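Peer 1: Swiss-Prot lists these features:
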- Pro2: active site, schiff-base intermediate with DNA (ACT_SITE)
- Glu3: active site, proton donor (ACT_SITE)
- Lys60: active site, proton donor (ACT_SITE)
- His100, Arg119, Arg164: DNA binding site (BINDING)
- 249-283: zinc finger (ZN_FING)
- Arg273: active site, proton donor (ACT_SITE)
Amino acid sequence: MPELPEVETVRRGLNQLTLNRKITGGDVLLHRTIAHPFSVGDFLNGITGSTISTWHRRGKYLLAELSASPSTTSIPWLGVHLRMTGQLLWLNQDEPLHKHTRVRIFFEEEQELRFVDQRTFGQMWWVPPGIAVESVITGLAKLAVDPFSPEFTVEYLANKLHNRRRPIKTALLDQSVVAGLGNIYADEALFKSGVLPETLCTEVQLKQIKLLRTAIIQVLETSIEAGGTTFSNFLNVKGVNGNYGGVAWVYNRAGEPCKVCGDVIQRIKLGGRSSHFCRQCQV
């Protein structure tokens, strides 16, 4: 699943390519991609004629701020969640359709934003002007603070973790604890901070939480600089792979030597997800 760095990479690409471009129409090939409460017709009618002012990211959600009608001061929104395998690709309209194409958004000059999604879990929303974004895209209301927010302090993270009697890796995947963090970067941050993934939150010391907060920010920044991670489906808006996988410390490296101590990287199942770590470097 695309995590914060992959979604941020897509956001930056969209801001480079789609701003101030007029949406001329669209085509929804898989109707369930358009999330309730609005219909496919509402979605297409709502976005057609709009221009994109800017793209925002909240956790793993992408939010396009659309141009408002002259008669109102409130703005409509276009929301996207890539889920497991979603891709947003900026293409010429005459490009052959990929078999997993779900939604096409047409722009002037024969360009389009194409939503491709093999597993079909991805979703798109239209939020009319005058309606709170969180009332339509309800998952936004449950998100924790962003790791790049000033609110993501040591005290904040300690308060989120200390009363949870579950492995710290499992807690870090909870979007109400840290928004945008997923399996890849939780493993990487735990390695950088020297904490084993199965350590209970109640057993993590404050000095470890300080290291963990710093590590989370560092690994996310490093991955964004590398354009994210591609192990299976992720592509940026130009169809290019991310490169963080080549510099990963532990993720997807089971059986290989640790880059720090040379011990073998191990993998276990924790909460139904694979966790990668080094027994020598993490305690």
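A Cβ is built for glycine as well, from the same backbone N, Cα and C atoms used for every other residue.
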Peer 1: If I take the alpha carbons of Lys60 (active site, proton donor) and Arg119 (DNA binding site), what is the distance between them in whole Å?
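Peer 2: Distance between the two Cα atoms comes out at 17 Å.
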Peer 1: With every protein chain in view, what's the tally of Cβ atoms within 10 Å of the Cβ of Glu3 (active site, proton donor), excluding that atom itself?
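Peer 2: The answer is 23.
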Peer 1: Quick one, of the recorded positions Lys60, Arg119, Arg273, which Cβ has the fewest other Cβ within 10 Å?
Peer 2: Arg119
Peer 1: Have a look at the active-site residues Pro2, Glu3, Arg273 and say which one has the shortest Cα distance to His100 (DNA binding site).
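Peer 2: For His100 (DNA binding site), the spatially nearest of the active-site residues is Pro2.
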Peer 1: Between the Cα atoms of Arg119 (DNA binding site) and Arg273 (active site, proton donor), what distance do you get, rounded to the nearest Å?
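Peer 2: Between the Cα atoms of Arg119 (DNA binding site) and Arg273 (active site, proton donor), the distance comes to 18 Å.
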Peer 1: Taking Cα atoms as reference points, which of the active-site residues Pro2, Glu3, Arg273 is nearest to Arg164 (DNA binding site)?
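Peer 2: Result: the closest of the active-site residues to Arg164 (DNA binding site) is Arg273.
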Peer 1: Could you state the CA-to-CA distance between Pro2 (active site, schiff-base intermediate with DNA) and Arg273 (active site, proton donor) to the nearest Å?
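Peer 2: Between the alpha carbons of Pro2 (active site, schiff-base intermediate with DNA) and Arg273 (active site, proton donor) there are 15 Å.
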